[in-house]
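Trainee: In case it's useful when we look at the structure, here is the feature table from Swiss-Prot:
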type     : residues : note
SIGNAL   : 1-29     : signal peptide
CARBOHYD : N96      : N-linked glycosylation site
CARBOHYD : N184     : N-linked glycosylation site
CARBOHYD : N381     : N-linked glycosylation site
REGION   : 588-622  : region 'Disordered'
COMPBIAS : 588-606  : compositional bias 'Basic and acidic residues'
MOTIF    : 619-622  : motif 'Endoplasmic reticulum retention motif'
Amino acid sequence: MAAAPRAGRRRGQPLLALLLLLLAPLPPGAPPGADAYFPEERWSPESPLQAPRVLIALLARNAAHALPTTLGALERLRHPRERTALWVATDHNMDNTSTVLREWLVAVKSLYHSVEWRPAEEPRSYPDEEGPKHWSDSRYEHVMKLRQAALKSARDMWADYILFVDADNLILNPDTLSLLIAENKTVVAPMLDSRAAYSNFWCGMTSQGYYKRTPAYIPIRKRDRRGCFAVPMVHSTFLIDLRKAASRNLAFYPPHPDYTWSFDDIIVFAFSCKQAEVQMYVCNKEEYGFLPVPLRAHSTLQDEAESFMHVQLEVMVKHPPAEPSRFISAPTKTPDKMGFDEVFMINLRRRQDRRERMLRALQAQEIECRLVEAVDGKAMNTSQVEALGIQMLPGYRDPYHGRPLTKGELGCFLSHYNIWKEVVDRGLQKSLVFEDDLRFEIFFKRRLMNLMRDVEREGLDWDLIYVGRKRMQVEHPEKAVPRVRNLVEADYSYWTLAYVISLQGARKLLAAEPLSKMLPVDEFLPVMFDKHPVSEYKAHFSLRNLHAFSVEPLLIYPTHYTGDDGYVSDTETSVVWNNEHVKTDWDRAKSQKMREQQALSREAKNSDVLQSPLDSAARDEL
């Protein structure tokens, strides 16, 4: 009889375990309804909302040069393509814009929700325009009508948003669309960068609707202030939230009945926003992309293509290159040497990133170069230095830190020295030398070729022409060269970023036997054209007759200056030339040599130099 209670307890244990299991809390992440005992009580969770419907509107005219890269950037936007519609219009083309767009649309049509294609092959120009870059009234009106048609299409298809993108605007941040949507603004633009102060927004507007300079602009443009800012104007690339009730009152055409300002598409739309009480915003929280500085009305299609190519070069200075669309055939490039006998590009083997960027930059400009492996001074030991017969110039000290020559500076000198030897050995009449840490100015190739033609036409006796440098004599202007545009007689200068050297000039530099009395190469050159301020250095070189000139304005600048993110020096952050134990890394943060060119007084500016038409091809920065 005593065993019966124990058997009952054993029978009750499974029931107790089942009850505890039913009452136990659900594990983290279990779906709602999973705790239901009966099947009919179980239910599935609600699915997330679908991505918003977006229409991307692209208007293109004479944009064949830009479209492969612009469209490649649009392809990489992180937004579901099945929730994205394309609205594309092109007309009045003098190039093959229609062909490029058609090739792309045929390839991507099945990837997107829908495609609306509005091509017009004729006419090729407007009757009242002076050239392809001139904005006449009829062109403004036509563009306004096209934007209005795109807006109507977006409304008709019940799109949540419409994103307007100019054909030469590069949206490189793939999250741009989602970031703008998250701002929850009726009209919002991503701030696009350019080579100058220009961007796709205004901070001020006059009572007549024109641009007004304000103190607020530059801090936003430079991202000293970050955020989303209320502004009177955004243009080129911007997003409209069509879910907002006020968006129904926005229009590009016809202009508002009360509109009396200039007949300009961006001003007309800004006025429409103002009348609808819709505030425009520009966001600079992230880096979103780039756009070119507008060209003047007299500019050509070649100017425009080279201007956009320069945007791509600027992208590569601090970002990965902007890759073109894989759906568009790449045009064939035919690099040349720009009329030089040789184009040298110096690069340290361990600086692969610089090499790749420079080779891509030169290829983009169709410049053929010979890659020269730089002498790595840091890898040289004292025995190797002595075997070359190298001795430092007696008494030399760095002008900023009082240190002797570094191994990095030694390697830099030998790299240039070896090129001078090759110039002489091969009998090269004129050569162009690049270092690998430089950025190109707009129209670089054409401007330098024009300069060299002027030099040859005038029969100028020259040995070396700086293409990029840091001007050290800033007290008075340099002497302009008569009848040669963009050229001055060089005074004391730093840097050997890029220069042109003649056979005669290379012979003069080698004849000075500089290895036996070495100093940094950018100190040696001013000694040789007798402009160095330290007479003790010059005394060691009896023949100082190098004929040196400089391009003005410069066509080459450094990619980075002291203090910039990414600044690296292979010459100043090194060790002393004859002692591996004496380091000079203190210069990394304090280097004065690689600081940006100091501002010149009005009296010291080279204002007498003859200017080229290409110097003023771009409009005012703002």
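Every residue gets a Cβ built from N, Cα and C, even glycine.
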Trainee: In whole Å, note down how far the CA of N381 (N-linked glycosylation site) lies from the CA of N184 (N-linked glycosylation site).
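Mentor: One finds 62 Å between the Cα atoms of these residues.
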Trainee: Would you mind listing, in sequence order, the residues at least six apart from N96 (N-linked glycosylation site) in the same chain with a Cβ closer than 8 Å to its Cβ?
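Mentor: When sequence neighbours closer than 6 are ignored, N96 (N-linked glycosylation site) has A64 within Cβ distance under 8 Å.
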Trainee: Taking every residue in the motif 'Endoplasmic reticulum retention motif' (619-622), what is their average pLDDT?
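Mentor: Mean pLDDT across the motif 'Endoplasmic reticulum retention motif' (619-622) comes out at 47.
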Trainee: Translate the DSSP assignment of N96 (N-linked glycosylation site) into the three-state scheme.
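Mentor: SS state of N96 (N-linked glycosylation site) = coil.
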